[in-house]
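Enquirer: Here it is: the structure, laid out below.
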Amino acid sequence: MVVALRYVWPLLLCSPCLLIQIPEEYEGHHVMEPPVITEQSPRRLVVFPTDDISLKCEASGKPEVQFRWTRDGVHFKPKEELGVTVYQSPHSGSFTITGNNSNFAQRFQGIYRCFASNKLGTAMSHEIRLMAEGAPKWPKETVKPVEVEEGESVVLPCNPPPSAEPLRIYWMNSKILHIKQDERVTMGQNGNLYFANVLTSDNHSDYICHAHFPGTRTIIQKEPIDLRVKATNSMIDRKPRLLFPTNSSSHLVALQGQPLVLECIAEGFPTPTIKWLRPSGPMPADRVTYQNHNKTLQLLKVGEEDDGEYRCLAENSLGSARHAYYVTVEAAPYWLHKPQSHLYGPGETARLDCQVQGRPQPEVTWRINGIPVEELAKDQKYRIQRGALILSNVQPSDTMVTQCEARNRHGLLLANAYIYVVQLPAKILTADNQTYMAVQGSTAYLLCKAFGAPVPSVQWLDEDGTTVLQDERFFPYANGTLGIRDLQANDTGRYFCLAANDQNNVTIMANLKVKDATQITQGPRSTIEKKGSRVTFTCQASFDPSLQPSITWRGDGRDLQELGDSDKYFIEDGRLVIHSLDYSDQGNYSCVASTELDVVESRAQLLVVGSPGPVPRLVLSDLHLLTQSQVRVSWSPAEDHNAPIEKYDIEFEDKEMAPEKWYSLGKVPGNQTSTTLKLSPYVHYTFRVTAINKYGPGEPSPVSETVVTPEAAPEKNPVDVKGEGNETTNMVITWKPLRWMDWNAPQVQYRVQWRPQGTRGPWQEQIVSDPFLVVSNTSTFVPYEIKVQAVNSQGKGPEPQVTIGYSGEDYPQAIPELEGIEILNSSAVLVKWRPVDLAQVKGHLRGYNVTYWREGSQRKHSKRHIHKDHVVVPANTTSVILSGLRPYSSYHLEVQAFNGRGSGPASEFTFSTPEGVPGHPEALHLECQSNTSLLLRWQPPLSHNGVLTGYVLSYHPLDEGGKGQLSFNLRDPELRTHNLTDLSPHLRYRFQLQATTKEGPGEAIVREGGTMALSGISDFGNISATAGENYSVVSWVPKEGQCNFRFHILFKALGEEKGGASLSPQYVSYNQSSYTQWDLQPDTDYEIHLFKERMFRHQMAVKTNGTGRVRLPPAGFATEGWFIGFVSAIILLLLVLLILCFIKRSKGGKYSVKDKEDTQVDSEARPMKDETFGEYRSLESDNEEKAFGSSQPSLNGDIKPLGSDDSLADYGGSVDVQFNEDGSFIGQYSGKKEKEAAGGNDSSGATSPINPAVALE
């Protein structure tokens, strides 16, 4: 058995004795038990007629207990009494008296006591007082009418019959309606009804006192009292007088722990009010209540500190009356130390302590087996000393039951306690060989519950038989438990408990295992987070590997768990994530790491911050100040949500003029909760207040009541007054209208005045509602003095300021006179002109419009492409720099003055920009010629910016960091290719090409590459095959710059039916990009083999479509050899003629390149799209936008069936094309791609849709 010591706590006893009873585990010994009273009736019983009376007395004990009763100290035998029934139960002496009339119940009145005895002693019950009460009756009496004059006091008596049980008194009328009670009319604790002063409305003849007796469940009533009030015309005021109590002071005794009720009822006119005072100290506010309109003071649970004087003070306008209560706090007897029953072994000393307290001090008496000690023989060996009964050297014959009884005038206490002397062998009640587990640093408790008589001594030994108490960490308890504090790993082992008395000794073994303590290695950290965000707490802990670990989370002491219907909490792997933080989430969060042996906790605090809460309350005060357009606003502070409130924003809304729009009246510091506001006349103000902290504004407060300020004349005039004409013969006067909150009345209008400037004549005026006025029939551009004044039903606004306005403008007639144009550089000029005559402007000179456009290049036949640019120059400036111009271009320039009406006539001028450096060449490509040579192809720049004089080509190996750079000046501007030789096949190069004018080289285009990447192992790229019913197309993507080569394609049918038949291998050129094989069989699988230089390079599979073999038509003459030879001869002849034609064309018909360029479309109007392959980049920018805008038609055309055609017609050109047997080039290759280059090397071909000329502009 393993015992975890997590919840084992020791039982501490103050003396070496056992528990009150023999433990149930102590088996095999038949031990007797002294009698013990287990149940008895209350100390006081009140019975009523026809009630049954039950007197209970039950007790336990071995041997069986015998019962006897006494009544008023005389032996009482219930079995012999008529009408008494005794319970037939082994442990009960209870009996019941069956009542049928009041006399029968009264015959059994008295003080009863029960005695329970066996051979070990006698136990005694407390005194049971039985009281009989008859049916309540109101004594016969004659009630005379009560006559009193209006304003006097009166007391209506009740005087109910006496009762042993508390009564409830009610005053009602004959209609069973309660008499209304207030400060003037009050019922006292004694049941009387007190009138401080009577009114004529109190005149009734049916004041009835009802008494409710809860014991008998009956209500009886007094004869009605007739109260007759005599009316009077002059009620006399009088000072208060106490009706109860009637004297000036009283002395009361209050019982400790019971409630205290004090009462003062006064009369007088006007009706007095009651106050309560305590001169000796403050009232205990937490225990005092005031009832019955302050006439009754009730003090709950009276204590000794409540002793002293209490005063009631009755006051009205004529004086006061008072009464002093002097309260003495006393107490019924109560236990300080109650005697306890114990078992003792022979020779021990027995001591029973009976310590009581009370006020007055209780008298203590002792009994032994129910007999007072004074009546016992004097040779008894007990002694009574300081409230204790002591017996020395007890023996089994000294077994007894004692009674300690304490009484004073407020009550009685009784306690039974036995001294049981017995001899029992020692026995350890704790199981043997238990295993206990605890963690290092904690305290372990090894149990050894022993029992015997005399009480066995308990000793703990280690495995060596040595007492463990030599180590100060080991400590014993009186109940035999061994405690070991500050456990260490080497405390693991076996321990032995030895219990012994004078009869025997016994031993058990306990096993202790000490485990590693749980430790939190990384606990959660306190943090401050914003509302609505999420927070993550982490927790890591180390555990003993043999224990079951657990990490849980707690928030403010409550366990946290993930909720199935909410994602508020996420708990996993020592992490607690709280989503959507709210202010209710702030608090202390704990990581609890636990095993079955220990628990450790690490705590962190979470503060949730955010904008403030709403202002809870808003109050307007000083409303009389509204006549002065002021009001005071007060509010309760808002919740700051852990961030100090920086300010309060006071806003208002006018539901009449601008509903649902709020305006700020100002802000006050955050520590201020009221302010006086300056208001505007005639505004319907509804206020609200918003708190603001560093996280922003909170929710606004509830809105206030609406207040309206009185009307007044306007305090402001419109602003931004202007006079401008929208026609040449008028002037439009405009202004910014007043805000509605500045109207100071329900409506506002504007008084507009005007007159020509410089005249002293009368003002013309007009009152309008709109924020403008049109003055007609004016001269062109004449200045006027203008005033605009606000007016309403209460008067005019302040005297307005005079504003100068002008009538309508006309178009300017002034022409700017150019002073000259200064060429700053090839792309910028400075334009200057003289100021215009303002009289000719016909209005306000707003500035100058400078318009310019490029008419074309200075080169011949350059096409005009007009794109106008505009620059607006301020009126006080007469020059402008035009930048961003195209070099070597002709420009047209216009300058116009303009006013508010428009622009005047223009002055014109033309100028030209000088030459500049050209742009970068277009489309630089590298083509492999051999392992050591490359062919560079390019296009001229789109922007010549002058006359091209040639190109500068430079290159260097990349691996040498720019060393060994070579440069070539290519003087021919028409050059488009250049062949580089003697290159290393193992290096990559950086090539840079620049076009030049007389101003020098321009931007460069850069390309990197080498022969190594272009002339290596043949690469078919992305090769694929598709099939139809009787054909298949093989396609591939030629690698850019790859040297051309020829290879074989072989189709081989698969399957037994096909017999593995192969078609003749076909010779194909790499630059073809595709090959179509015809004459295939439908629904057939084929293998495709690619060979180069008799070496296998690639293989793929394809399957044709269809469902059967294709039937070939009968062979005709087209398949005969003679026909094939004839056709071949014709084709060869045509090819020779075509070659001769190209040679002749290349040698003759040449013309100026410049003339040719000038015949082409302007490069800006129709730029050419580069159709060559490869990439390039500028030295200035790798991502410069290209100027190509149009596309060329495809040069490939439809795919031509190749079959076994080896014709070179597709590779014709101005140079010879020869192949080795393997299909590789012998000479320079200039295939279809060469045809696409416009104006190639030594080419003079005409412009055509597939050979467009390159635009040089």
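Here the Cβ of each residue, glycine as well, is placed from N, Cα and C on the backbone.
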Enquirer: Can you tell which of Asn931, Asn1105 Swiss-Prot marks as N-linked glycosylation site?
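Expert: My reading of Swiss-Prot gives Asn1105.
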Enquirer: Look through Ser94, Ser903, Ser1243 and state which residue has the annotation phosphoserine in Swiss-Prot.
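Expert: Swiss-Prot records phosphoserine at Ser1243.
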Enquirer: State the disulphide partner of Cys57 as given in Swiss-Prot, choosing from Cys14, Cys114, Cys158.
Expert: Cys114
Enquirer: According to Swiss-Prot, Cys448 takes part in a disulfide bond; indicate which of Cys497, Cys539 is its partner.
Expert: Cys497
Enquirer: Counting only residues 6+ away in sequence within the same chain, which have a CB under 8 Å from the CB of Asn247 (N-linked glycosylation site)?
Expert: His323
Enquirer: Where DSSP helix means H, G or I and strand means E or B, what are the helix, strand and coil counts for the domain 'Ig-like C2-type 3' (240-328)?
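Expert: The domain 'Ig-like C2-type 3' (240-328) comes out at 3 helix, 53 strand, 33 coil.
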Enquirer: Out of the glycosylation sites Asn777, Asn825, Asn1071, give me the one sitting nearest to Asn203 (N-linked glycosylation site) by CA distance.
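Expert: Checking each of Asn777, Asn825, Asn1071 against Asn203 (N-linked glycosylation site), the shortest Cα distance is to Asn777.
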Enquirer: Mind giving me a neighbour count for Asn1030 (N-linked glycosylation site)? Other Cβ atoms within 10 Å of its Cβ, every protein chain shown.
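Expert: For Asn1030 (N-linked glycosylation site), the 10 Å Cβ neighbour count is 18.
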Enquirer: Quick one, of the glycosylation sites Asn294, Asn490, Asn979, Asn1071, which Cβ has the fewest other Cβ within 10 Å?
Expert: Asn490
Enquirer: Spatially, and counting Cα to Cα, which of the glycosylation sites is closest to Asn876 (N-linked glycosylation site)? Options: Asn505, Asn979, Asn1071, Asn1105.
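Expert: Result for Asn876 (N-linked glycosylation site): the nearest of the glycosylation sites is Asn979.
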Enquirer: Spatial neighbours of Asn1030 (N-linked glycosylation site) among the glycosylation sites Asn505, Asn825, Asn979, Asn1071, Asn1105, defined as Cα within 10 A: which are they?
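Expert: Checking Cα-Cα distances against Asn1030 (N-linked glycosylation site), the glycosylation sites within 10 Å turn out to be Asn1105.
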Enquirer: Round to a whole number and give the Cα-to-Cα distance in Å for the pair Asn505 (N-linked glycosylation site) and Asn490 (N-linked glycosylation site).
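Expert: So the alpha carbons of Asn505 (N-linked glycosylation site) and Asn490 (N-linked glycosylation site) sit roughly 29 Å from each other.
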Enquirer: Please give the average pLDDT for the domain 'Ig-like C2-type 5' (425-507) in this predicted model.
Expert: 94
Enquirer: Mind tallying the domain 'Ig-like C2-type 5' (425-507) by DSSP state, helix then strand then coil?
Expert: 6 helix, 40 strand, 37 coil
Enquirer: Between Asn777 (N-linked glycosylation site) and Asn1105 (N-linked glycosylation site), what is the CA-CA distance rounded to a whole number of Å?
Expert: 92
Enquirer: Residues with Cβ closer than 8 Å to the Cβ of Asn1105 (N-linked glycosylation site), same chain and 6+ apart in sequence?
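Expert: For Asn1105 (N-linked glycosylation site), the qualifying residues are Ala1027, Gly1028, Glu1029, Pro1082, Asp1083.
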